[in-house]
C-alpha cells in the first residue's frame with residue numbers, strides 16, 4: 001500500500017452518528033491508516049465505543065480521538081447521540097444538533113500549532129455544510145464521504161424537490177472531493193454521470209466494498225445472543241445455503257402487522273432462519289422517552305426453536321452472511337447490507353423501506369437483475385403464503401439472480417485486491433490529501 005508521495009497526511013475524520021454511516025466510515029479510516037496516515041476521529045461520548053477496534057489495531061501515535069460533547073437539542077431526548085435510536089424523521093434535528101459542533105471544533109483547531117493541523121477533513125457528506133466552513137477557515141481540504149453508490153447519488157441529485165437535502169448536495173459538490181462505498185465495475189456509467197454532471201471537478205473515488213477490519217467486533221450495539229452462540233448454531237446446520245437471514249438494518253422497525261406476516265411466512269416456509277429484530281426507537285420528544293416495540297407473535301419463538309433463531313438488538317451480520325450455512329438474505333436493501341450480502345455470496349430478497357433503498361432496488365433488482373423483490377415499501381404487508389414460497393425457494397443455486405450476484409461478487413473482490421480499482425483509488429486518495 002504505497003502512495004505517490006513520501007509525506008503522509010494527517011486526516012481529521014468526522015463520521016455521521018448512525019451505524020450505517022459510522023461503520024463504513026471507520027472501515028475507510030482503517031484503510032487510510034494502513035496507508036501510513038495519521039488520523040484523528042471526532043465523535044461524541046456515547047459513540048466513542050465504535051472506535052475500540054481501531055484503537056486495538058493502531059498505535060496512539062497514528063490513531064487519535066477527539067471527543068466533543070453532544071450538543072443538546074430540544075427535540076432529541078437526553079442521552080441520545082445516534083440517529084438509529086430515533087425515528088428517521090428526526091434526522092433534521094440530528095443535522096441541526098451536529099451543526100453546533102462547528103464552534104467547539106473551530107476553538108479546538110485554533111489552539112493547535114500549525115504543524116498539528118490536519119491536511120484534510122474526511123467528513124460525512126451529511127455534515128458537509130458546516131465541515132466545509134471549518135475547512136475553509138483553516139485552509140484544509142474537505143473531502144466528503146457517502147456510504148452509498150453512484151446510481152443513488154445521480155438519482156437523488158437530479159430530483160427537483162430535494163427539500164433540506166439541497167444544502168447537503170451543494171456542500172458536497174463544493175468539497176474538494178467525494179468518496180463513495182462502491183466499485184467502478186459495478187456501475188461505471190453512473191460514476192461517470194456523477195463526475196461529469198454534478199461535481200465541479202473529477203475527484204470521485206470509488207473505494208468499496210469497504211469490508212470489516214476485524215472479525216467478530218461489536219459494530220453496532222448489544223446483542224441478545226453472543227456472536228459465539230450464533231456461530232455455533234450456524235455450524236450445527238447440516239446443509240450449506242439452507243439458512244435465511246432476515247435483517248432490516250439499524251433504522252427500520254416493522255409494524256406489528258408486518259412482523260406477524262413475516263413470522264407467519266417464516267413458519268410456513270419451514271426454512272432455517274436467523275431473524276434480527278431491532279431495538280425500539282425513542283420518540284422525538286425530549287420529555288417522553290417511551291418506546292414503540294416490535295411485536296413478535298406470542299408462541300412463535302417456541303414453535304420455531306428447532307429451526308429458527310431470533311436475535312434482539314445488534315446481530316453479527318457480516319459473520320452470519322459469510323457463513324457457509326446461510327444462502328439468502330431478506331433485507332431492506334440498504335447499501336451497506338447489499339455489499340455485505342454480495343461479498344457473502346447470498347441471494348438478496350429485497351423489501352425496500354425508505355430513502356435510498358428504492359434507488360438501490362432499481363439498480364440491483366431492475367438494472368442488474370441480481371436480486372428478487374419481495375416487498376414494496378415501508379407500509380406494505382407481504383402475503384405470508386407468497387413470501388413463504390419465495391423463502392423456501394431462495395436456497396436454489398440455479399436461480400438466475402444468484403448466478404448474476406456471484407459474478408458481481410467476483411468483480412467486487414477483484415476491485416479491493418492489490419492493483420484493483422478500489423485499492424488503487426485508496427492509494428490515490430491518501431496521496432491527494434498531501435498535495
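Each residue, glycine too, has its Cβ placed from N, Cα and C.
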Given that Swiss-Prot annotates 18, 315, 332, 336, 337, 340 as binding UDP-beta-L-rhamnose, state which candidate in 78, 236, 242, 250 belongs to that site as well. 250
Based on DSSP, name the secondary structure state of residue 336 (UDP binding site): helix, strand or coil. helix
Which same-chain residues, if any, lie at least 6 apart from residue 18 (UDP binding site) yet have Cβ under 8 Å of it: 82, 83, 84, 250, 251
Rounded to the nearest angstrom, how far is the Cα of residue 21 (quercetin binding site) from the Cα of residue 337 (UDP binding site)? 12
Surrounding CB atoms that lie within 10 Å of the CB of residue 315 (UDP binding site), all protein chains: 25
Have a look at the recorded positions 119, 315, 340 and say which one has the shortest Cα distance to residue 21 (quercetin binding site). 340
Taking just the CA atoms, what is the gap between residue 340 (UDP binding site) and residue 119 (active site, charge relay) in Å? 32
Please name which of the binding-site residues listed here, 315, 332, 336, is nearest in space to residue 119 (active site, charge relay), Cα against Cα. 336
